[in-house]
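According to Swiss-Prot, the feature active site, charge relay system maps to His43, Asp88, Ser184. Per Swiss-Prot, the feature disulfide bond maps to Cys7-Cys141, Cys28-Cys44, Cys78-Cys236, Cys120-Cys190, Cys152-Cys169, Cys180-Cys205; the stated evidence is similarity to another entry. Residues annotated as domain 'Peptidase S1' in Swiss-Prot, with sequence analysis given as evidence: 1-229.
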Amino acid sequence: VIGGDECNINEHNFLVALYEYWSQSFLCGGTLINGEWVLTAAHCDRKHILIYVGVHDRSVQFDKEQRRFPKEKYFFNCRNNFTKWDKDIMLIRLNKPVSYSEHIAPLSLPSSPPIVGSVCRVMGWGTIKSPQETLPDVPHCANINLLDYEVCRTAHPQFRLPATIRILCAGVLEGGIDTCHRDSGGPLICNGEFQGIVSWGDGSCAQPDKPALYSKVFDHLDWIQNIIAGSETVNCPS
C-alpha cells in the first residue's frame, strides 16, 4: 500500500498472506471469510501455495500464527457475458479449519452493495514504493474512495474495459495513496463491509487520476455461498 501507515495489529485479523511454497516468496494477500475458506484474486494462483493466518510482522515467527495449504481452489468460470476482468477471483478451501484467536477472525461477506462515494480501507504487505519495489515486514493500511466505474474506464483506455462489469473502481484522484504490487488479493472494506478484492491497476501505482480496479464481492455472493455450501451446481449470475 502506497501512502498508508502500518496497520493496527488488531484491525486485520482476517487478512492472510499467500506465499509460493518452494521459494517462500510472498505473493499476495487474501481474506478469511470463515474458518475454512479464503477469498483472494485468481491472478495470485500458483501450483504450490502456503497460507499464513494471524500474521502481522512477516519477518518474525509469531507464536499464534497458523499455516495452511489449499485443499481445493475454485475459479469463477462462468462463460456468458463475462470478461477476464470479471474473473479475477479465487476461493480457497483450507486443508483444515483455522482456530480463531485475538489475531484470527473472519470478515463477513457484504450484506448490501457498495455505495459510490464511500470511504474504503485497504491493507496489505504490498510495496510501499513505486515503481521500485520495497516490501514492508508489516501490513500497511490506507483509506481510499469508492469512485464511479466510468472514472476507471476513462483513466485506463488501454484496458478497453467493458461498459458493464462486476468490478469496482477505487482510489484517490489526487494521487499518492493506492494499493500496489503484492497487495493483490487483499480486501477493500467500505463502510465496514468487505466489498472488493485488490485486482489490477496502472503499472506505477498512486498516480493522479489513475484509480485501481477491485473485483466486486457483492456480485459474486451466490457463487461463493453455493461453493461453500457444497452445492453441485454453481449458478452463474445472469
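In case you wondered, yes, glycine gets a Cβ from its N, Cα and C as well.
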I want to verify one value. Collapsing DSSP to three states, which class is Cys28 (disulfide bond)?
strand
Whole-Å Cα distance, Cys78 (disulfide bond) to Asp88 (active site, charge relay system), is 12
I need the nearest neighbour of Cys180 (disulfide bond) among the disulfide-bonded residues Cys28, Cys44, Cys152, Cys169, Cys190, using C-alpha distances.
Cys28
Across the disulfide-bonded residues (Cys44, Cys78, Cys180), the Cβ with the fewest other Cβ atoms inside 10 Å is that of Cys78
The answer, for which of the disulfide-bonded residues Cys7, Cys28, Cys152, Cys190, Cys205 has its Cβ ringed by the most other Cβ atoms inside 10 Å, is Cys28
Based on Cα distances to Cys141 (disulfide bond), point out the closest of the recorded positions His43, Asp88, Cys152, Cys169, Ser184.
Ser184
Between His43 (active site, charge relay system) and Asp88 (active site, charge relay system), what is the CA-CA distance rounded to a whole number of Å?
6
Fewest neighbouring Cβ atoms within 10 Å: which of the disulfide-bonded residues Cys120, Cys141, Cys169?
Cys141
Quick one: of the disulfide-bonded residues Cys28, Cys44, Cys120, Cys152, which has its CA closest to the CA of Asp88 (active site, charge relay system)?
Cys44
